[in-house]
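According to TrEMBL, the features are:
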type: DOMAIN; residues: 25-592; note: domain 'Choline/carnitine acyltransferase'
type: ACT_SITE; residues: 330; note: active site, proton acceptor
type: BINDING; residues: 406, 410, 411, 412, 413, 414, 415, 416, 417, 443, 488, 539; note: CoA binding site
type: BINDING; residues: 439, 441, 452; note: (R)-carnitine binding site
């Protein structure tokens with residue numbers, strides 16, 4: 001009932017053979033997780049609370065006790081299922097989550113600014129981009145997508161099969177995801193939105209060949225010319241509301257047959273293209289930040305927030321002023337597959353068009369109609385107000401750190417990711433004089449249907465280093481080296497399926513499934529604190545000079561995403577204005593200072609000491 005099962009039998013091509021060769025996600029040993037959990041708590045809890053938790057963990061691990069029973073239950077589940085975690089994770093992390101997907105869940109991606117500033121340029125670019133995505137789709141459809149590897153091990157490619165022709169569907173208590181790729185007649189259209197009006201654009205000819213760039217351009221021109229009026233109700237803004245409110249509004253909206261058909265056409269489409277109105281002009285140093293919020297929420301109801309269908313898995317955003325990027329609904333996939341799609345499309349768009357366009361007249365793209373009752377109008381007004389509150393509350397800073405990139409940490413034989421994470425720990429510590437729970441996503445794609453686990457960047461070693469960094473009397477380099485190595489070690493543990501977060505979640509959900517009393521370790525203050533991620537971070541490397549951005553996951557936290565290039569690093573830092581204690585620009589600046597200070601530290605220390 002929840003979602004179409006993910007493990008669908010596809011044409012037994014390379015995809016299936018490849019997937020079956022992947023190992024299943026392991027269940028880590030109970031004692032190991034308990035030990036690592038205590039270590040993770042050490043830098044963030046006071047000794048008294050830590051002691052209390054230690055006792056609870058001892059109790060939990062007793063032979064024949066609760067922990068052992070739940071562990072056995074999990075191990076049974078792992079035997080029976082393709083992946084013991086993936087369904088649970090999809091539900092708890094996404095579909096049960098009731099905050100709006102905008103800002104709180106869906107990441108945006110800012111692409112380099114384009115050189116056009118008029119509708120012709122905008123539509124030319126959109127046409128090439130659409131052709132590029134269709135080119136990527138043909139690799140998915142023919143199962144010729146090159147398999148990705150991490151440290152010599154093949155990765156699960158399932159997420160690539162989930163991002164096209166799929167959509168989230170709101171419910172009043174929980175959402176679902178539908179995927180139309182496996183229908184008897186898979187979708188052959190995309191949705192294009194302009195001035196809040198939605199159009200169905202068929203992107204394949206009757207013989208199954210994709211339209212050429214010129215043909216797509218002609219069709220986009222027709223769409224543009226038949227959506228010039230700007231006084232339309234922004235029906236798409238409904239998708240930005242709190243999930244329960246949108247679920248109610250949705251049920252009400254689709255009572256009407258026309259509305260239901262229009263909504264279905266959007267949900268079924270391969271992806272959505274948003275042709276945006278230009279944003280207010282800003283200075284060059286503010287440009288990236290404005291583009292970032294443009295991708296995350298569209299700038300509010302007066303700008304482009306209604307020019308979206310936020311439940312759609314993939315939406316490409318192309319502004320008349322050259323601002324380009326995308327936003328994706330997070331339930332079906334993580335950042336890396338999305339980024340490799342972007343990398344492919346960007347490369348594709350550099351090629352010149354060789355195909356001669358057949359001179360066949362094309363059908364007019366179909367405009368989707370909506371009947372707006374007074375009740376729906378009221379829902380739209382409510383969604384507008386909530387969106388504008390969100391827009392005012394998001395504090396964002398997108399910046400390019402230009403002093404060095406991956407090249408410097410590599411020259412020091414250090415992992416660039418660990419180097420950046422330890423710098424972030426230092427930046428946070430300098431502002432708040434304390435360490436905080438930090439989430440960095442680790443890919444579990446070495447395993448069948450693997451999603452993510454948490455790399456806990458705050459460690460006993462990072463804690464020692466950040467406290468020593470500004471104390472003139474300590475030997476810092478050795479501490480830095482230990483902190484970087486500890487981060488590297490935790491990362492390796494996480495990608496091998498041995499981290500603690502998903503295991504603890506599994507034990508907790510197993511207890512709920514068994515209808516047993518919730519073990520005390522999950523009612524403990526420590527458990528609440530350790531899951532309150534003041535820093536929610538992600539490295540999303542791309543060949544393209546882009547950066548992903550997302551909102552914080554707690555009211556007093558930060559979202560930090562970065563793309564380390566060879567000689568520079570793209571950063572996006574977000575916070576909420578409603579929190580007096582956080583400030584995105586301040587953390588971004590502190591991070592820049594920390595990166596430079598650590599570099600100086602390493603350069604001032606003679607190599608012999610290392």
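The backbone N, Cα and C atoms fix where each Cβ goes, glycine too.
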Note = Candidates 411, 415, 439, 441 (binding-site residues); min other-Cβ count within 10 Å returns 411
Message = Around the (R)-carnitine site formed by 439, 441, 452, which additional residues qualify by having Cβ within 8 Å of the site's Cβ center?
response = 440, 442, 453, 454, 455, 536, 538
Query = Any idea which of the recorded positions 330, 406, 413, 488 has the thinnest Cβ neighbourhood at 10 Å?
reply = 413
Ask   = Long-range same-chain neighbours of residue 417 (CoA binding site), Cβ under 8 Å, sequence gap at least 6?
value = 487, 491, 539, 564
Task = Might you list, by sequence position, any residue in that chain lying six or more from residue 452 ((R)-carnitine binding site) with a Cβ less than 8 Å away from its Cβ?
result = 334, 441, 442, 443, 444
Note = 406, 410, 411, 412, 413, 414, 415, 416, 417, 443, 488, 539 bind CoA per the record; greatest CA separation between any two, in Å, is 25
